[in-house]
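Here's the structure, in structure tokens; my notes come after.
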């Protein structure tokens with residue numbers, strides 16, 4: 001620590017590094033915990049802040065993103081913050097129009113339909129320069145966190161971004177995106193390469209701006225079986241990690257732990273554990289003991305309580321957390337949900353989840 005209390009990048013010195021130590025595989029006094037979508041609509045203060053402007057205008061406001069990121073930290077003793085943003089800012093920066101339709105979700109008025117539509121996309125190298133507002137939000141949030149907990153940056157993985165860009169929004173089948181994989185494999189690889197080339201400088205830029213860890217969301221992994229996943233998703237997941245780490249080294253920046261969360265990607269756990277990430281996130285369909293057997297001690301695991309468990313009583317939440325922590329064990333583990341928090345969840349039950357993780361994980365270490 002420097003004499004003025006600032007860290008090497010001029011940010012306040014980190015006071016709680018439990019999350020980072022667990023991510024790197026070091027011993028911790030208790031199990032760290034954070035929640036995907038912890039900055040979300042289940043919080044009344046979030047709804048109030050968001051009511052002032054539309055979704056992507058909020059994403060482009062560093063002040064609003066900072067405020068939304070900090071809100072859950074004021075309520076709960078979480079061990080990490082994750083910047084408020086959206087994975088679809090990357091397709092926007094590539095030149096695609098994206099709107100957020102209330103009650104429906106993201107919509108692309110002009111999705112990619114033909115191979116020649118790829119010509120509409122901007123050079124991926126300009127993406128980071130288009131997303132300065134995300135970097136500003138990260139820097140502002142890092143300052144205002146005042147070293148309380150680490151700040152996580154994130155992005156969507158190439159396949160998941162491709163699904164939105166081709167489907168034109170969400171889909172229960174991803175049939176249009178998968179049609180590309182079968183009918184236009186070369187164009188699919190071209191698009192996935194464009195996205196990878198856009199993501200690498202974007203993620204590096206987040207670290208330069210102050211992010212202390214990075215999570216890559218492969219939210220639509222489950223729409224691919226092992227064969228398609230290994231061909232169209234895994235190579236790019238690997239490449240993102242490899243290139244981000246190389247660029248950080250070249251820039252003389254300290255490495256940050258990287259997390260891969262491939263929802264419903266249980267069939268690829270072993271491959272994901274060897275993809276160059278320090279942490280593998282799990283959804284609730286994976287049994288913790290089986291996951292640990294599969295990946296061994298090579299990576300930290302993160303997850304994986306069913307988000308709907310938070311509809312249970314606070315007492316039952318405590319019991320479910322105890323079982324989860326017993327199954328994962330105290331080493332190389334970060335507690336989280338198996339997916340994001342839902343808008344109708346009770347903040348009190350989120351607090352019960354966080355408190356139960358801290359309480360039981362301390363007891364585990366005493367025994």
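Heads up, the Cβ atoms here are built off N, Cα and C, so glycines get one too.
Annotated coproporphyrinogen III-binding residues in Swiss-Prot are 37, 39, 41, 86, 164, 219, and among 266, 331, 339, 349 the one listed with them is 339. The Cβ of residue 39 (coproporphyrinogen I binding site) has 25 neighbouring Cβ atoms from other residues within 10 Å, across all protein chains displayed.
Neighbour density around each Cβ, counted as other Cβ atoms within 10 Å, peaks among the binding-site residues 37, 41 at 37. For residue 164 (coproporphyrinogen I binding site), other Cβ atoms within 10 Å of its Cβ number 28.
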